[in-house]
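> Shown below is the structure under consideration.
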Amino acid sequence: MMKYLMPSSLQRGQDLLPPGPGSYTVGTMSERFDCYYCRDPLHGKKYVQKEGRHCCVKCFDKICANTCIECKKPIGADSKELHFKNRYWHDTCFKCFKCYTSLVNEPFMLRENNKVWCSNCTATEDAPRCKGCFKPIIAGDQNVEYKKMVWHKDCFTCSQCKQVIGSGSFFPKGDDFYCVSCHEHKFAKTCAKCKNPITSGGLTYQEQPWHSECFICSNCKKQLGGKRFTAVEDQFYCVECYKECVAKKCAGCKNPITAGFGRGTSVVNYEDESWHDYCFKCTKCARGLANKRFVCHNGKIYCAECPKRL
């Protein structure tokens, strides 16, 4: 809380100083009256009355005067005195500890070591410090906060290009901060297809990074992330497009041979035709012939025994 103090001057006559600890009165004597301390007559002289006792100005300055907390000298009867919480100042000593501005009739704050500060210096001293320039961030300044740290808006810059990031997007790396562009060039992985940086998301296939929008079916262009697909000569196909466009047709059931996509994972090839392993069987007895001896007769497949019974 800021306090206001008004200086008061000692004047001839019976004027009172501001009430406070040990208030006193200054006056002159027209009748015989002696100083309480030195016993010198006070008739026709300036004197001080303090706590019911009368004393000459000399004794007051030497014995009774309060000591200025700033200059450590007595505050004489002819000086203007300010007091606050049992502390006393000459009016000329009542200045801001930081900027030395007089605080007479001004708001002030009493801080550590009995030092008084003006309102401006108090606000500046208590303000948070910018992480960039280490100067105070006062009310009204535009600033950026991140993890209990604060910067002036113009002090929050990219560690690489030194351009102001301000309130824009950024990427933290240890104690450094990077704008989007510098982070992409310095840290981001490069897509295996388009060769551009991957700033967010993405996926990995055979230890290579891809944008999700770049990892697509070569035929229907649908994204393949999280879906079943197959690769043929560096081209990727979803299950349906592989069946329709790429897969060989089984000579037995006439359906696409989609190894890895369903029943049967082996393919039997003979001359220019292919079969699912479970479709490669004897035409007469239907015995499975995958990895077994067989006979081709008139374009049909038989086990080794059945042609003898034809």
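Glycine is treated like the rest: Cβ placed from N, Cα and C.
Because TrEMBL annotations are produced automatically, they should be read as predictions rather than curated entries.
Straight out of TrEMBL:
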- 66-127: domain 'LIM zinc-binding' (DOMAIN)
- 128-189: domain 'LIM zinc-binding' (DOMAIN)
- 248-310: domain 'LIM zinc-binding' (DOMAIN)
> Count the residues of the domain 'LIM zinc-binding' (66-127) that DSSP assigns to helix (H, G, I), to strand (E, B) and to coil, and report the three numbers in that order.
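Split into helix, strand and coil, the domain 'LIM zinc-binding' (66-127) gives 11 helix, 20 strand, 31 coil.
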> Please list, for the domain 'LIM zinc-binding' (128-189), how many residues fall into helix, strand and coil according to DSSP.
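Across the domain 'LIM zinc-binding' (128-189), DSSP assigns the residues as follows: 10 helix, 21 strand, 31 coil.
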> According to DSSP, how is the domain 'LIM zinc-binding' (248-310) divided among helix, strand and coil residues?
4 helix, 20 strand, 39 coil
